[in-house]
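Noted in TrEMBL for the protein shown:
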- 349: active site, nucleophile (ACT_SITE)
- 189, 298, 535, 574: Zn(2+) binding site (BINDING)
- 42-73: compositional bias 'Polar residues' (COMPBIAS)
- 97-603: domain 'Neutral/alkaline non-lysosomal ceramidase N-terminal' (DOMAIN)
- 664-752: domain 'Neutral/alkaline non-lysosomal ceramidase C-terminal' (DOMAIN)
- 42-87: region 'Disordered' (REGION)
- 12-33: transmembrane segment (TRANSMEM)
């Protein structure tokens, strides 16, 4: 074998990696915080505070608590303290369900924090395109005896710590009404939401620390959305519809998909799941309450070059639907709630033009996603638009259009009892029965080499490619020196995956990956919602749905509709089929419990389905409770005070608006319109509007400035407009705690007209 040589650039990268790793290990040992006791303030505020979520438009809402103390342990489900909130009056003599919907802001920080999803160093939040929301739906039987809660949240994924804290607070307020078995928390998987709300070390490192501030905003928003739904419960009906969505997705690992048996692939017309399942909710008077839609799409229309917090393509679909139904309300306000939830999106991309070499324009749709010139780093999937903003809106509108069609034609009513089943499972030690005589086991978590390669939606690290089935002596040696050698047991268990990081054997300062994982099913009549703790690929989702449906049928529950609800309750990366695992592309390398992970989940979900079908849920073991770590690493991004440039003060206008603008497809800015008849300023847009963009530019030594853009739509009414900016600055006197000071700014007014 030829001696390996490195270019000067590669030597620099290796040196940088060693130094960075050393610093990271040191920080992991030294930089801890007690969660809830130290406020993770940054130079710029997390948000202007969640706006009133379901009330008439207001200029500004109250901020989430800045110094709250999270619960000290995981939720238990047996204790039943007296609820502090009175139960809504329930009417028992009707056909249907009690339905409650609620939406609340959970945006968190919009600066000085990593964005969660791409795990790209330097992709910090620097402003906001849209706010992030938690959307809650409560369904209860007429007599109130059984109920289920589904919450779709505009975040990358639900962390175990987040779920445990939410359940704890719901239990403190409602007793045993909302529990681990009947509450599903599902992340939409936007890659443009803040990170920093995880407790396992792999994700803490990717987040560059734990942010109690963002964690608190998320928990508060989720709980508030459930509270709103609880208070708004009323008798109603639910209708279901299904349909095919075309033009919104491609399979980003088609060569892996081809490893599945041809006989199995022949049963399907596409290598992605194109079906959308939609629930329409109305009260008994026909008043529209909300919708939940499940569709397999990766919210990565916004690229890893983006720095604006936003909800990506599925969030834009929610935005369009809620704006249509909540006439006269600003975005994020009004009673109607529309959730576009995640599904088996693991190998699904919205960048429908496919992977292309950015330097030559040729296709790089191959097993290694590599270009002849430049290698994998040049291979990037392209969206349908001219830029990521346009691509986000195009894909979001396709999803919205199909949902609107299905919603308007939905006529099949959902009827039947409600049920729920949940278990905590040690996923590192599941015995899987392949047949009546042969068993296999799941593995302790590990990440493969191709995990570091990333995907065509976001390339990872230099020197790694997708499809790596052999390790590299250089990186193996470096890993062994820094983290220790992986055991022969873990290497053997994960074959053919070459182990890059033996995360299941790394325990300091906390375990690097979860051992204890949630599995959960709730049923609403003939609808079964399977809450999966990760990203299932297309065929993995199909196999799980089929298995759960067959299990229900075996015990008398016929014609069940089974939906996959993705990224629920705890995050465990990807789940591929056994055959796809052999190809070791990104998704397989990120299947952390080994080649039989999917088979283990299918077996576990069958147990839940059987328990519901045979009415033996009470006999299920709850399983081992997951941990709730108290001390987590503080953010690595430094907190510094804000300073206004010399000769200026906070709120000064640096670049005034022009005196007149014309309605056009070009981009400009505003917030309020003057109404002469009432001599008042009417809010037309807020920072949740897709027409506005807020950029925060952090300079050196605490010097910063903000840019507000209004992309004026051709529907804008002529008149007098103004921008109004509400901001905060961080101040810290010697030996005193840092404080945030508010200020506001109103530039000169300008006119919008149809002609010059």
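Every residue, even glycine, has its Cβ placed from backbone N, Cα and C.
Unlike curated entries, TrEMBL annotations are predicted automatically.
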Cβ neighbours within the same chain of residue 189 (Zn(2+) binding site) - under 8 Å, at least six residues apart: 117, 156, 157, 298, 299, 342, 345, 535, 566, 567
Between residue 574 (Zn(2+) binding site) and the residue listed as 'active site, nucleophile': CA-CA distance (Å): 14
Overall pLDDT of the domain 'Neutral/alkaline non-lysosomal ceramidase C-terminal' (664-752), taken as the mean: 80
Around the Cβ of residue 298 (Zn(2+) binding site), the count of other Cβ atoms that are within 10 Å: 27
Composition by DSSP (helix, strand, coil) of residues within the domain 'Neutral/alkaline non-lysosomal ceramidase C-terminal' (664-752): 3 helix, 44 strand, 42 coil
Long-range Cβ environment of residue 574 (Zn(2+) binding site), under 8 Å and at least 6 residues apart: 346, 534, 535, 536, 537, 586, 587, 588, 590, 591, 592
Per-residue Cβ crowding (10 Å cut-off), top of recorded positions 349, 535: 535
